[in-house]
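Quick notes on the structure that follows.
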């Protein structure tokens, strides 16, 4: 009983929260449904007080009723029902509707009036009751309850009936009788309904439970798993659930049933077959999944997707993996004969079959006439004959002057189960000792931005004439990307090359004896470059010399006049914005130094026919007009996407000159991390500037859109690209002045390129990038600008380095706004007080230290861009250093870092003070654990000690050892 009560208590909350399935009632007797006399037994029968009558119920239906109003209250008056079969119920409910007269409303003769009656029951296996049996008394009858009225009738009052429901039981025999006994009550029995409650059939938790009669407080019912489900785990016990005595299911079921493979759960009570094109591989509550690529199902309720014809799964593939197919044949087999050694090379199949486990096998056939047999076992293959992962095999041990057929087969993981022969390509080779002499004298005849004309010296042949030549070329440094061209003459034209790029070229000759060796690689570049053809070298030298003399004279006169006119109002030569040309170095030329700015446009930007351009959509707006995406199709060249800046109508000459100045600037730069100028359109309206199209847009918005999606090494790669572009600009003596993440563009390969050179001279103010107006005029983006540029408009490459440090912070914070919501004046004040931005979350300590180096107050102390590129390269080569992050203060926001000068080393009284003084406090715990707990221990530390402690960065080792040397020199003044 205690266990049952515990189950009931435990299930109470579950019943309330999940809702109850209504109990089902089975009626054993209902007098309201009787249409004839009830023929109940009345006692005493000689002078019966109970009287059967016809009446109307509350709905106006005719019903049979009994009423009694005895004058003598000393006599008991009984009324007994007919035999009622119990139908297996262990207890029943009796619903009684009756009225009762109030005793005070009765005449005085009813002095012993009562306002209650008693209900009894008697059990029997047969209908044996009579007028005298059983005896009309409490025993053998069992008393159920004394029933009192809630509403009493009085003369002239409201007529209201009473409804009472009582429970009768326990019942054990086939049926029972109900008996009503009154003694002095004046009442009417309007209706009697006898029923019992049972738990209805229900499905829960993928288990089906039958209709259940409760025989006790709770009755355990056994169920079965619903259709298309089965028990999970090792248990085979059927599901169970408890049925309460009130006909309600109690608590959740105990069930391990779950949907079978090929079926998914629906509403937690049934399993539905997976549709065509879907599958489910295991028993459980997971949903059906779409079939992997190249597979399908043939019927609903599938547990596995079958591969489409021609596709297979390897024995090592998982059952739910995509189906793949064997690869297509290898392409372009190239061979080289050296005596009796053959080297085979080939290109990758066009179709890898959807797999990465591609390998190759080489078959050799020895042919004499029309008869071919397998090659001898003495032939060797390097690196192997079967399952070769690469695309090059060297075959040794061949016979001279013999014809061989070599077949290269492409295979992958499903080739063995495909029951088809691997795709292959074959080549016939005849060995000979009389091979062609190597080619020499390779030279460039003519070059353009996308093509090169090459010729070479015809090699002398002693026995066989040269049939043709084979040339191979690739970008310099990419030895695995060779492309091949054949030529019958000693020259060839290579097209579709990258501009301003260096290529390595090799040539070999073929005779009747086969191909000779490739020549040594020769480096040849496309335009623009600084080379001149030999035929024009002398003329070019003379013209250059004359031009330099004239230019030097003009520059001297211009500088003299300029300094004379500006000496009083501008004593600092850096403020003029002019850039002097270096010795033998290509430098930037300011287009505003031209008397006619249009001449600068013609010199540095290529004019493009407007018919070559197709504008597709507007992607933004700039200072001068709209920015669009379009296509550029120059005849003879591949169509490319371009970004198009347009000059809005109604412009002034100055606006047109300022708009095109950016093209004059951009056209001077050729670098993979500088936005590339395709050309300009000035001969028609609107005037346009065309640049390469960068799919991912501005870096700041791209990072915010992909917050947290990139690893530190990827972010460092982006920063390295930006630094490389700025290194190129600084070497060109160009100062950007507005370096920020919003002015860095990102292409589909995550390559970052510096852009927006017009803003280096014309900065506008807007709500997202507020600027500060200096006393000298002009707008400056405060948050990105070095303090000397804010105060004195002193823009140099060092001020660009400061801005680059802010860009680093933007990148590592995924586009966070520098200095958050601080005002411009607060930013200026904080920088003047030597406060700097803290490291972004999860920022490697080495990167934040590089930021702090870029934010040195003295511009001469900041690193150059070449040093920044080298530092980032070291981090990329040592990814482990990016796992060390700085300590970030707790709290809702990160305060600015105090970068004021540390105290002198002589004031350091502990190891912790010393490490903080040299900004190496990150190693404090490591020093303590290694036993360096006092200053006197530090003076004897070595490089080996630092490695043992965990200081692996060369820069940190150098900084610590340098400080240790200082401690040794000033050891006498240290306080221990």
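Just so it is clear, glycine is given a Cβ too, placed from its N, Cα and C backbone atoms.
Per Swiss-Prot, the features are:
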ACT_SITE  738  active site, proton acceptor
DISULFID  69-186  disulfide bond
DISULFID  103-113  disulfide bond
DOMAIN    25-204  domain 'Eph LBD'
DOMAIN    906-970  domain 'SAM'
TOPO_DOM  24-541  topological domain 'Extracellular'
TOPO_DOM  563-976  topological domain 'Cytoplasmic'
TRANSMEM  542-562  transmembrane segment
* **For the residue listed as 'active site, proton acceptor', the one of 69, 113, 186 that lies nearest, given that the disulfide-bonded residues are compared by Cα** => 186
* Can you give the mean pLDDT for the domain 'SAM' (906-970), rounded to a whole number? -> 81
* For residue 113 (disulfide bond) and residue 69 (disulfide bond), determine the Cα separation and express it in whole Å. => 9
* Alpha-carbon distance [residue 103 (disulfide bond); residue 69 (disulfide bond)] in Å -> 11
* Asked: Hey, how far is residue 186 (disulfide bond) from residue 103 (disulfide bond), Cα to Cα, in Å?
  -> 8
* Using DSSP, break the domain 'SAM' (906-970) down into helix, strand and coil residues and give each count. => 45 helix, 0 strand, 20 coil
* To do: Could you tell me which of these disulfide-bonded residues, 69, 103, 113, 186, has the greatest number of Cβ atoms within 10 Å of its own Cβ?
  => 186
* **Secondary-structure category, per DSSP, in which residue 103 (disulfide bond) falls** => helix
